[in-house]
Amino acid sequence: MDAIKCSSSFLHHTKLNTLFSNHTFPKISAPNFKPLFRPISISAKDRRSNEAENIAVVEKPLKSDRFFISDGLPSPFGPTVRDDGVNFSVYSTNSVSATICLISLSDLRQNKVTEEIQLDPSRNRTGHVWHVFLRGDFKDMLYGYRFDGKFSPEEGHYYDSSNILLDPYAKAIISRDEFGVLGPDDNCWPQMACMVPTREEEFDWEGDMHLKLPQKDLVIYEMHVRGFTRHESSKIEFPGTYQGVAEKLDHLKELGINCIELMPCHEFNELEYYSYNTILGDHRVNFWGYSTIGFFSPMIRYASASSNNFAGRAINEFKILVKEAHKRGIEVIMDVVLNHTAEGNEKGPIFSFRGVDNSVYYMLAPKGEFYNYSGCGNTFNCNHPVVRQFILDCLRYWVTEMHVDGFRFDLGSIMSRSSSLWDAANVYGADVEGDLLTTGTPISCPPVIDMISNDPILRGVKLIAEAWDAGGLYQVGMFPHWGIWSEWNGKFRDVVRQFIKGTDGFSGAFAECLCGSPNLYQGGRKPWHSINFICAHDGFTLADLVTYNNKNNLANGEENNDGENHNYSWNCGEEGDFASISVKRLRKRQMRNFFVSLMVSQGVPMIYMGDEYGHTKGGNNNTYCHDNYMNYFRWDKKEEAHSDFFRFCRILIKFRDECESLGLNDFPTAKRLQWHGLAPEIPNWSETSRFVAFSLVDSVKKEIYVAFNTSHLATLVSLPNRPGYRWEPFVDTSKPSPYDCITPDLPERETAMKQYRHFLDANVYPMLSYSSIILLLSPIKDP
């Protein structure tokens, strides 16, 4: 995730905070509710003084008319169904009192609290954990917490008992019913509450198990749940939902995908920075979802329909999506944003972590300011003992309860930064001896990554790091890996983009990329530690990469100041979609060249949603705020392109799957790989070389020959001599469809092959400018 996509989010937090801070739940005053508590005063000591200071009022609990109440247990955290009731447990170090608020779904809509139960510190607190056990009717019941304690931002505390806070461990969070639609009070931050779990019928997994596909064999497809089926051309009953994705999985199966990487599906507020867009005449929203509210809760508004139990519906439909994907041999990886939350900076809304224990969950500077390594206002304190346990519990939950197969960690380098050392010795100016580790300092053996890597449950899942952050930490090739972490290889993207467009000086670096980047992944790591990609949600789509030299982000409402400026793109001679026929032909050729480079490289290829048919966002390389055509998969366009680029992509993915040599478990050696230039076995690695070719021994195909000519000049290539065999064309990106891929079932295949024969009889091949080829060995038949 690029920091720029969040840049506007905390510009609006000041405005939203006013709305949110006034949006509290009034206490019930109706005559049929009798007072629940009898107040008594207590006092607590200030951390910097021995004098007692009366800072809170704790109410002595009485019996509830609705629920049987007992002490409860401090573990596990969150709500847990047991003994015909629910145990609630929440960690809060610095609070002095806690109240659990129970809210019926109907009362939530009316801004009411149904019942409040004050917890007794002598019975309902163990260490720093508040807990209580309740038995009663929890049908359609929600909950939240009030905490009291110091409100002292300069000390890192934001306690305010007027706020009802979300449980960090909540399994489902309820707010608005419909995606992107304001409630009757026009509040962008509506009241939220956590679903109380009940002992319902167990989900039928039908024996579903994790697929555990070898990572070297993966072809990953990065996608957005809502964007995948929201467009009307999807022609499904519930567009923009988990169910919609499940219905369209056969498209991915047809393409050859065996792993989907879901952009954030944790609960987030899509109206976080809701504002009118004067350019498009619609509203800016948080479409991508990189601003989490609840890490255990699936995004509720991705459910197929709202109902009294649409939280449960969302959980079940996410499970159905995973189950249906597994039936088709497709793994599911979640993009998790464990680097910051939606609570923004010091002026942001307070709805969970900040009110529960701000100084624990966030990296704070000595005077309470938020460190902003995420670029989104705050930074999750990942290596604090409590927070890293939270992260571990969260990941375990999604693996064991939701059956996901792995995680991609957004801005994963933040997990390698040191945690806040929040105590008087280093924060409040007390004299200390020696140097202290500055909060956020990169550390070589981060405890949270160590825990994840060696956890017995998580050890077998896919772990992918976006190995950089917005604070300048760039760890591609150097992320703490324990031998199991893969990385989004941003260097692969940049090198391949520059070589394919014909930039001098990249032939050697391009060759490294083709081999799986062994220059980066050393120390026992494998090619599959590199997640190779040309395009992702950040940046240009593949079609825009060959159409625009410059970003076109005016529609984002930030005067084109957001988004990446260094895209290494090339418009092929004319800027924008309206171009000459010759330019459009070259663009299609370049798209094919990029896809060939992705499919013949060692490592794990990743494709961005829509690139398989040439989706365009009109040159916008930062579409985080658009719930419209820019981010919607166009099923009608996919059908139009079915015999063109989609066919090309499908055939190349199938070819990669068939070739044993294109998904190696180890980096290729000279026994298998041979480099060539315009003449066999004479590669040219000079600064001006724009030609790279190699042959690869393959146990299935015997041998394959791949060449890239990124020069503006055509050339004649001499091929390696293989006695008894002839090279035959399989892919030539300079040819129009369907002759760009000569498959056995291609009509007029023999006619097409004859066009090459006189060249191949001479063991040469004519390559046009900006083209790539794949040749296969075929035995010469006796006349």
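Glycine too: its Cβ is placed from the backbone N, Cα and C atoms.
Sequence annotations record features per position, and here Swiss-Prot assigns transit peptide to 1-43.
Look at Swiss-Prot and you will find D410 tagged as active site, nucleophile. For the recorded site, D410 (active site, nucleophile), the DSSP three-state label reads coil.
Following the DSSP three-state reduction, the secondary structure of E466 (active site, proton donor) is coil. Residues annotated as active site, proton donor in Swiss-Prot: E466.
Cβ neighbour count for D538 (site 'Transition state stabilizer'): 21 (other Cβ atoms within 10 Å of its Cβ, all protein chains included). Among the features that Swiss-Prot reports, site 'Transition state stabilizer' is placed at D538.
Spacing of D410 (active site, nucleophile) relative to E466 (active site, proton donor) is 5 Å (Cα to Cα, whole number). When the Cα atoms are compared, D538 (site 'Transition state stabilizer') and E466 (active site, proton donor) turn out to be 12 Å apart. Of the listed active-site residues, namely D410, E466, the sparsest CB environment within 10 A is found at D410.
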